[in-house]
């Protein structure tokens with residue numbers, strides 16, 4: 001029997017089940033996944049044409065001429081390009097997704113910089129109204145209950161399938177975010193997942209004052225603990241971890257991946273340490289009970305909280321109160337600030353935010369269940385034996401982390417003048433409008449356009465992750481050049497603005513249908529490496545390096561909750577910009593490195609705000625054109 005037939009045999013018994021909202025629906029996830037289309041390999045000539053178009057606004061004419069020669073060589077009939085393309089097409093036939101394994105390895109597991117700042121995004125939640133330990137623990141208990149409620153939907157396979165433009169999306173990432181952890185390796189990391197099977201996780205990790213605890217979250221009959229029960233258990237944890245002089249073992253996870261891999265092997269030589277680390281790795285998720293940060297005024301409150309979510313503030317604050325390899329860590333501080341940080345390898349932002357939206361809604365519900373009064377066992381404290389060698393590893397990690405913390409400049413801008421409803425009223429895609437404002441802000445600051453990355457979801461395809469929307473286009477470049485030019489009328493500028501937003505929308509649609517260029521080019525390059533042939537000159541060209549040097553790395557992560565995701569820049573002289581467009585306002589998080597003299601997050605925020613307002617006034621002053 002071939003693979004397809006086998007799958008069909010497996011799928012048949014469940015084919016009659018009606019998807020119900022409640023109860024277990026075993027096999028539903030599998031069935032849904034198998035019905036999804038495979039990621040296509042785009043036509044070679046199409047990608048090469050689009051690559052040249054993408055280069056036009058960001059490189060000189062001279063460089064472009066040189067690249068055109070390389071492209072002409074690469075695309076010759078029977079040439080290198082065609083050979084690699086055939087290899088990719090063969091790979092696509094043999095696998096569920098020709099890209100996903102390669103992408104996981106190259107983008108995440110083989111990436112050697114620390115996950116902190118360089119890879120793991122944070123999310124800032126609205127400030128909660130508690131100011132003390134009691135409120136902190138009560139909120140944490142409710143939050144855990146919300147996580148377990150979501151976990152039940154995942155376990156029972158009753159999670160509602162998401163759709164985009166009427167097409168069902170791959171739901172696989174939801175099954176990867178709980179009970180999973182990244183493990184450091186000397187050249188490449190790996191991911192472990194304990195969500196399924198007999199050894200399914202029944203506990204979470206709680207960290208307080210750098211001390212880790214194993215907290216069982218299910219009763220012996222399999223029912224999840226209630227908020228009251230969880231609150232009692234969290235109080236026990238709090239009261240048995242009051243010492244503030246403990247070695248912050250968790251800080252080891254903030255180091256460069258190769259250094260951490262060495263320290264990890266070192267740490268695990270001891271049996272007690274190994275058991276403690278395995279318990280953390282197997283847990284459903286981590287809850288970090290943080291000490292309050294220094295007080296700041298309300299108007300800038302969100303910016304230090306964003307930093308807090310991304311890195312914990314450094315070794316004297318809460319960075320030791322984490323295990324950064326854990327996929328999901330929820331952070332709740334005594335002063336009401338809260339959010340999460342997640343390890344990026346298993347999932348993108350949207351599934352994380354969907355989980356978050358669910359939890360936030362859940363925490364608002366009144367408590368109905370009376371808790372059973374059975375006394376619960378004391379949560380187990382995870383012990384670590386710290387040898388002088390481990391102590392020295394911790395000290396080195398602290399120093400490196402503190403340098404990173406000092407270097408990261410992050411600002412949360414809440415743009416209050418309008419939200420996504422305004423561009424919609426002008427029949428413009430809100431995302432295209434915001435991206436064009438970023439282009440305008442950057443152009444006004446630096447006098448030229450730069451390579452811009454916006455993530456596009458490939459979840460219409462089985463195991464799809466992301467591709468790149470290149471927001472810098474010939475059309476966007478024309479618009480930003482014209483915006484402050486006295487030679488153009490408002491009408492002409494408004495027409496260029498509409499053309500640029502239309503071009504962005506078209507590129508977005510192309511990308512989500514698997515027709516963007518970035519992953520295809522990466523695939524051709526990796527195919528060459530796999531075939532052990534020399535890397536084609538096209539990929540050794542300066543233009544390729546410029547195209548891949550994303551001074552603007554951006555992502556729209558919409559949420560029902562009034563939150564904002566944040567991440568660090570992907571190049572030393574760049575910006576990391578994430579935004580959540582709400583109806584009447586837009587939340588932005590903007591990051592840059594202090595070590596780069598040319599970038600400044602506050603300056604970018606200022607120019608971005610001005611760009612958004614100027615684009616609105618332009619549209620209001622020019623009547624709608626006949627485009």
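In case you wondered, yes, glycine gets a Cβ from its N, Cα and C as well.
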Of the candidates 308, 329, 556, 620, which one does Swiss-Prot list alongside 420, 424, 425, 426, 427, 428, 429, 430, 431, 457 as binding CoA?
556
Per Swiss-Prot, 453, 455 bind (R)-carnitine; matching candidate in 466, 472
466
For residue 455 ((R)-carnitine binding site), which of the binding-site residues 425, 431, 556 has the nearest Cα in space?
556
Where does residue 262 (N6-succinyllysine) sit by DSSP, helix, strand or coil?
helix
453, 455, 466 excluded, remaining Cβ within 8 Å of their centroid ((R)-carnitine):
454, 456, 467, 468, 469, 553, 555
Candidate binding-site residues 420, 429, 466, 556, pick with smallest Cα gap to residue 269 (N6-acetyllysine):
466
Please identify, among the binding-site residues 420, 427, 431, the one with the smallest Cα-Cα distance to residue 453 ((R)-carnitine binding site).
431
Comparing the Cα of residue 420 (CoA binding site) with the Cα atoms of the recorded positions 94, 262, 344, 466, the shortest distance belongs to 466
Relative to the Cα of residue 556 (CoA binding site), which of the recorded positions 94, 262, 344, 466 has the closest Cα?
466
